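Working notes, beginning with the structure itself.
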Amino acid sequence: DGCGHTVLGPESGSLASINYPQTSPNSTVCEWEIRVRPGQRVQLRFGDLDIDGSDSCHSSYLRVHNGIGPNRTEIGKYCGFGFQMDGLITSKSNEVTVQFMSGIHTSGRGFLAAYSTTDKSDLITCLDNASHFSEPEFNKYCPAGCVIPFADISGTIPHGYRDSSSACMAGVHAGVVSNTLGGQINVVISKGIPYYEGSLANNVTSKVGPLSTSLFTFKTSGCYGTLGMESGVIPDSHITSSSILEWPNQTGHVNIWKPENARLKRVGPPWAAFISDEHQWLQIDLNKEKKITGIITTGSTLAEHYYYVSAYRILYSDDAQKWTVYREPGVGKDKIFQGNTELYQEVRNNFIPPIIARFFRINPVKWHQKIAMKVELLGCQFSIGRAPKITLPPPPQNKNDEKNADFMDDFIHSVKTSLQTDKTTFTPEIKNTTVTPSVTKDVALAAVLVPVLVMVFTTLILILVCAWHWRNRKKKTEGTYDLPYWDRAGWWKGMKQFFPTKSAEHEETPVRYSSSEISHLRPREVPTMLQTESAEYAQPLVGGIVGTLHQRSTFKPEEGKEASYADLDPYNSPIQEVYHAYAEPLPVTGPEYATPIIMDMSSHPSTPLGAPSISTFKAAGNQAPPLAATCNKLLSRTDSASSAQALYDIPKGQPGPGSAEQLVYQVPQSVAHPTVSKD
């Protein structure tokens with residue numbers, strides 16, 4: 001009568017004295033016989049040992065033996081308050097006997113221990129919390145039977161569990177390990193959160209918890225996505241049931257709680273069975289084989305209809321004809337899953353090992369008032385490698401060959417059996433966060449190719465746009481700073497920019513040039529630039545060169561009728577040379593801008609006739625250019641008959657208007673000037 005919490009699994013388990021962690025009763029005894037697979041050995045770890053040792057372990061103790069039965073041998077005898085044993089107790093065989101004896105005492109909790117096979121060197125007990133380990137990430141082996149009523153956990157997936165929670169019990173709650181089988185956990189420690197939610201999962205209730213300095217989660221490979229009930233991936237036609245509840249309300253409208261209503265988090269009524277008995281079921285067709293790792297259920301979610309399923313079985317099939325009831329490995333009876341305790345809360349149960357099937361059926365065995373529920377399945381796509389190709393030998397020719405044929409039949413049968421067994425007996429790795437199930441290879445390939453193609457086309461478009469922009473910019477730059485080609489049509493239009501427009505206040509008379517002085521100019525020596533050290537600005541084109549011609553802008557030639565130019569052209573050169581239409585850029589050391597100056601030389605009596613005119617354009621080469629032309633006479637028309645002198649801008653640093661030798665003029669570049677007779 002001294003046996004407490006006990007779960008003895010094929011590879012691991014947990015055991016405790018009666019009434020643990022409270023004081024154990026007097027005069028009680030319990031004996032556990034532990035067996036593992038032949039060839040294995042047993043290791044034992046104490047999570048807590050608190051036994052009265054005042055009489056030197058005479059009446060109260062814990063004794064461990066090698067073997068079972070009368071031939072067993074003692075390994076050790078243990079007692080004492082708060083006895084600490086960090087190491088493991090290892091047996092010499094695959095059988096161990098643990099004996100607990102409680103005499104007369106006033107205090108002492110008894111003990112709690114865990115065992116496993118010796119290949120699980122990182123065995124811990126159900127009492128170990130994550131805070132007991134200093135590593136930020138660690139792997140441990142949890143024994144079977146860690147769902148114990150005297151341990152608490154706070155938190156849930158995916159947010160994490162409070163650091164004071166039992167690591168193994170939290171692993172069962174998260175669906176990482178099975179309470180019946182135990183298993184390996186991979187724990188990651190991180191910063192705590194202010195509040196921990198509570199939930200019910202895998203028959204473990206997680207409580208609400210306050211702020212903590214740290215929390216822990218479980219690292220898994222991830223097969224924990226939803227399979228399509230809530231999202232609608234599973235069509236309505238693939239959800240069927242044994243019966244449907246139909247009933248009229250007070251207004252006479254008939255309510256039908258159809259099986260397609262059994263979608264988790266779907267607003268409205270759930271699926272409900274017309275008759276509430278153990279023969280009702282809800283069936284889901286997944287369209288093909290899937291790996292199913294868990295299920296989430298709720299009740300009706302309607303306050304006026306307090307219906308829910310509190311316990312159920314799970315059946316699965318590949319053809320919807322032959323059904324298999326889910327059982328845990330090593331257990332000879334159907335597993336009954338804990339359902340809801342009220343109509344709103346979501347309750348999760350995990351399948352360890354997972355179910356590989358196409359058809360999935362829920363069979364309620366307990367309910368409140370009526371069978372009604374909403375469901376979501378958890379899992380991922382299932383893929384299995386191709387079976388190895390088996391080459392059969394030729395038909396037997398004699399008796400020896402017949403024996404070989406029998407051997408090959410047995411071999412083929414064993415291979416097929418092993419392939420089918422591998423599909424359902426491996427331990428799953430369940431992720432503690434919800435992820436979408438994996439998709440087919442075609443979808444994955446498209447998901448990779450589409451972004452790549454979009455990026456390639458976008459890059460090509462950007463390259464073309466940049467090339468076009470660079471080409472236009474280069475053309476613009478060449479048109480601004482390079483000299484144009486004069487062999488193109490319309491060169492005379494470009495030259496017209498050098499003719500000044502008529503002033504609103506003055507109408508200049510044409511300047512006449514001697515053809516004798518123009519004829520000896522070389523074509524490229526006409527343009528020259530005045531080099532004056534004291535000049536602050538480059539000298540402008542002189543107004544009044546050809547005053548009788550219509551005034552034109554020096555920057556942009558006008559388009560229009562040009563007959564007047566032909567009639568009034570004062571130049572009659574037999575040789576039409578080609579010259580540049582625009583002035584060359586200003587010298588580097590010269591001023592930036594040219595100031596237009598309109599000069600009327602007729603008002604300067606001191607200016608002698610025949611003063612030479614100097615071109616402001618730079619001649620070819622570095623030598624000074626020859627005189628371009630001689631001004632025979634300047635005529636002026638003014639609004640006033642007064643002989644007063646007009647005011648003119650004089651180049652900076654030059655003498656007054658009386659120095660005719662210093663006056664500067666711009667000469668049109670394109671033609672040699674013939675002699676014009678004086679009016």
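Heads up, residue numbers simply count up from 1 along the chain you see.
Backbone N, Cα and C atoms are what each Cβ position is placed from, and that goes for glycine too.
Computed from a predicted structure; not experimentally measured.
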Name the residue from Cys3, Cys79 that TrEMBL records as disulfide-bonded to Cys30. Cys3
Averaged pLDDT score, the domain 'LCCL' (120-216): 93
Just checking, which of Cys3, Cys30 (disulfide-bonded residues) has the fewest C-beta atoms within 10 Å of its C-beta? Cys3
Helix, strand and coil counts within the domain 'CUB' (3-118) (DSSP): 0 helix, 61 strand, 55 coil
Over the span of the domain 'LCCL' (120-216), count residues by DSSP class, listing helix, strand and coil in order. 11 helix, 38 strand, 48 coil
